[in-house]
Amino acid sequence: MDAIKEKLWPASAAAPLPFASSSPVEWVDFSQQSLAIAVVSIFFNPIFWNIAARSEYHNKVITKLALGNAYHGCYLLAITIFSLGILRDALYERAIRDQPSLDILTTPLAQTVAVALFATGNLLVVTSMWALGLTGTYLGDYFGILMDHKVESFPFNVTSAPMYYGSTMTFLGTAIWFGKPAGVLLTVQVLVVYLAALRFEDPFTSEIYAKRERQRAAEAKKKGK
Ligand SMILES: *[C@@H]1O[C@H](CO)[C@@H](O)[C@H](O)[C@H]1NC(C)=O
């Protein structure tokens with residue numbers, strides 16, 4: 001295990017800072033440019049997909065780009081969001097590599113916690129993608145591609161936002177795996193950004209579905225006459 005880890009993630013040259021005799025201001029090196037780049041990337045992604053999704057909803061911007069096919073538009077957005085996610089994860093990992101590590105985060109217990117967080121987080125992300133499907137995961141609602149029913153199966157019976165909480169857990173797991181307080185700090189940023197995104201997204205998607213229910217009710221009434 002240690003040999004594999006050393007091969008994949010060679011230990012940084014600097015020894016971990018001792019928790020007991022270092023000051024918290026030493027735990028994060030704010031002078032690293034890679035840290036600033038990661039911060040920008042973490043902010044950028046949800047802002048980008050919300051602007052893209054709302055432009056689609058109001059003006060069909062992405063469907064037009066996809067020559068009028070809403071499904072192709074949604075796939076285009078899916079590929080873009082997925083790629084931006086990979087880029088952000090890479091920038092995050094790069095950033096925390098440049099940061100000091102802390103001894104209490106490199107203990108075997110911490111490493112076990114890191115693996116558990118990473119595994120659980122990925123389980124939540126992958127199973128929610130599985131439950132929602134491609135268009136359900138990647139904002140299909142904004143393209144008029146609505147789900148038939150609200151998904152209530154696992155992992156949605158555990159948390160209402162498994163994708164966001166799962167993703168946050170994988171960031172935290174990665175931070176602890178590498179023993180980096182800066183990673184924990186970036187994870188807090190990820191969580192705050194996701195919570196803000198939820199407050200912005202949830203009422204809007206609820207209204208999209210409420211609108212469909214009103215239309216269905218109106219049609220049923222018409223048929224009844
Ligand atoms: C959620 O669903 C899964 C699978 O159907 C089940 O095993 C689990 O106990 C459920 N959890 C809760 C909190 O209801």
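Here the Cβ of each residue, glycine as well, is placed from N, Cα and C on the backbone.
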ALA114 and LYS222: same side of the membrane according to TrEMBL?
-> yes
What three-state secondary structure does DSSP assign to GLU201 (S-adenosyl-L-methionine binding site)?
-> helix
For the topological domain 'Lumenal' (136-178), the distant same-chain contacts (Cβ-Cβ under 8 Å, at least six residues beyond its ends) come to 9, 49, 52-54, 56-57, 62-63, 70-71, 73-75, 77-78, 81-82, 92-93, 96-97, 101, 105, 110-111, 113-125, 127-129, 184, 186-187, 190-191, 194-195, 197-198, 205, 208-209, 212
Densest Cβ neighbourhood among GLU201, ASP202 (binding-site residues), 10 Å radius = GLU201
Report the DSSP secondary-structure composition of the topological domain 'Lumenal' (136-178) as helix, strand and coil residue counts.
-> 22 helix, 0 strand, 21 coil
When you measure from the Cβ of THR120 (S-adenosyl-L-methionine binding site), how many other Cβ atoms are you left with inside 10 Å?
-> 16
If you rank the binding-site residues ALA119, GLY121 by how many other Cβ atoms lie within 10 Å of their Cβ, the lowest count goes to ALA119
